[in-house]
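Copied over from Swiss-Prot:
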- 84-105: repeat 'LRR 1' (REPEAT)
- 107-128: repeat 'LRR 2' (REPEAT)
- 130-152: repeat 'LRR 3' (REPEAT)
- 153-176: repeat 'LRR 4' (REPEAT)
- 177-198: repeat 'LRR 5' (REPEAT)
- 200-221: repeat 'LRR 6' (REPEAT)
- 223-244: repeat 'LRR 7' (REPEAT)
- 246-267: repeat 'LRR 8' (REPEAT)
- 269-290: repeat 'LRR 9' (REPEAT)
Amino acid sequence: MTESAVCTGAVSAVKEVWEERIKKHHEDVKREKEFQHKLVRIWEDRVSLTKLKEKVTREDGRVILRIEKEEWKTLPSSLLKLNQLQEWQLHRTGLLKIPEFIGRFQHLIVLDLSRNTISEIPRGIGLLTRLQELILSYNKIKTVPKELSNCTSLEKLELAVNRDISDLPPELSKLLKLTHLDLSMNQFTTIPHAVLDMPALEWLDMGSNSLQQLPDSLDRMRSLHTLWLQRNEITCLPETIKNMKNLGTLVLSNNKLQDIPGCMEEMTNLRFVNFRDNPLRLEVTLPPSDNTDGEEEQELFGLQFMHAYIQESRRTEDQVNCLTQMPSSIHSDGESN
């Protein structure tokens with residue numbers, strides 16, 4: 001073996017040793033950084049947990065986490081150490097998402113995360129079988145997961161002012177205890193089938209959507225006593241509305257109604273109705289009243305107005321029928337002479 005070959009082999013061996021050492025050094029540095037980052041995360045979680053604990057109160061026997069107007073874009077996993085919480089009240093915190101571990105808070109009764117920037121509801125929400133109220137209004141939610149139907153204790157659901165929700169999964173009809181539903185200021189073009197099939201629903205707000213017509217099956221909501229449909233594009237009301245025997249409040253202001261169906265006279269439980277700002281084909285003026293307060297102003301297009309309109313509509317129809325029959329009558333008289 002020549003001297004140069006020996007020298008080359010020695011250099012290669014030294015090079016391998018140094019490369020191995022450099023590689024090991026880089027790995028050690030990487031592990032050290034990861035360890036430091038882990039320590040930082042642990043420390044931050046502890047600090048966050050300490051801050052969160054300061055926000056926990058007990059009111060009326062409930063353990064409540066209440067945060068208002070403080071920045072919490074995400075919630076740390078250390079929050080799981082407070083899994084006995086029964087109520088979350090987090091408003092105007094900039095919260096971007098509901099944590100995936102939400103399903104582990106089995107004692108939650110109220111989850112109010114309104115006025116944040118949440119874009120989706122995690123499927124784990126369906127694990128909250130004790131949840132009675134879910135308030136997610138004023139967020140950026142576009143869809144609702146079918147897993148929400150597993151929240152079998154849910155009584156109140158508010159999704160108002162998310163602006164982009166246009167439908168609900170049919171599985172939500174399984175929410176047998178839901179009595180209150182707010183879907184106002186979204187993009188619904190019709191009342192979802194899931195809503196029509198909610199057996200206990202008593203209060204529904206679908207104002208400020210894009211509803212153009214109401215389904216004939218509207219009367220399936222037999223328990224409904226309050227229905228808000230203001231600021232839509234509704235052009236007519238189905239005859240089946242007369243079957244909604246429990247309906248006491250009906251708001252239809254700012255729509256495109258041209259008529260009020262006579263069958264609404266049969267709705268004897270109706271106590272408040274509003275037809276203001278609709279292009280109704282008949283002009284009806286109520287008799288003057290001494291009362292000049294705000295309630296009287298509302299009544300101008302309220303229950304008394306509705307009954308007066310229906311009566312006027314019938315009178316107009318009778319007059320038209322009379323006029324259409326008159327020529328044939330005159331013709332008959334002429335033949336008899």
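First residue shown is number 1, and so on along the chain.
Heads up, the Cβ atoms here are built off N, Cα and C, so glycines get one too.
Note that the coordinates shown come from a computational prediction; the quantities given were computed from them, not determined experimentally.
Sequence-distant contacts of the repeat 'LRR 3' (130-152) (same chain, six or more residues past either end, CB-CB distance under 8 Å): 106-124, 158-165, 168-169, 171-177, 182. Residues in the repeat 'LRR 6' (200-221) partition by DSSP class (helix H, G, I; strand E, B; coil) as 5 helix, 3 strand, 14 coil.
Model confidence over the repeat 'LRR 6' (200-221) stands at 98, taken as the mean pLDDT rounded to a whole number. Below 8 angstroms of C-beta separation, residues 114, 129-146, 182-189, 192-195, 197-200, 205 of the same chain, each at least six residues beyond the ends of the repeat 'LRR 4' (153-176), sit close to that stretch. When Cβ-Cβ distances below 8 Å are used as the criterion, the repeat 'LRR 1' (84-105) is approached by residues 56, 62-75, 77, 111-122, 124-128 of the same chain, each at least six residues removed from its ends. Counting residues 6+ beyond its ends, the repeat 'LRR 6' (200-221) has Cβ neighbours under 8 Å at 160, 176-191, 227-241, 243-244, 246, 251 in the same chain. Among residues of the same chain six or more beyond the repeat 'LRR 7' (223-244), those with a C-beta under 8 A of the stretch's C-beta atoms are 179, 184, 199-217, 250-261, 263-264, 266-267, 269, 274. Broken down by DSSP into helix, strand and coil, the repeat 'LRR 5' (177-198) contains 4 helix, 3 strand, 15 coil.
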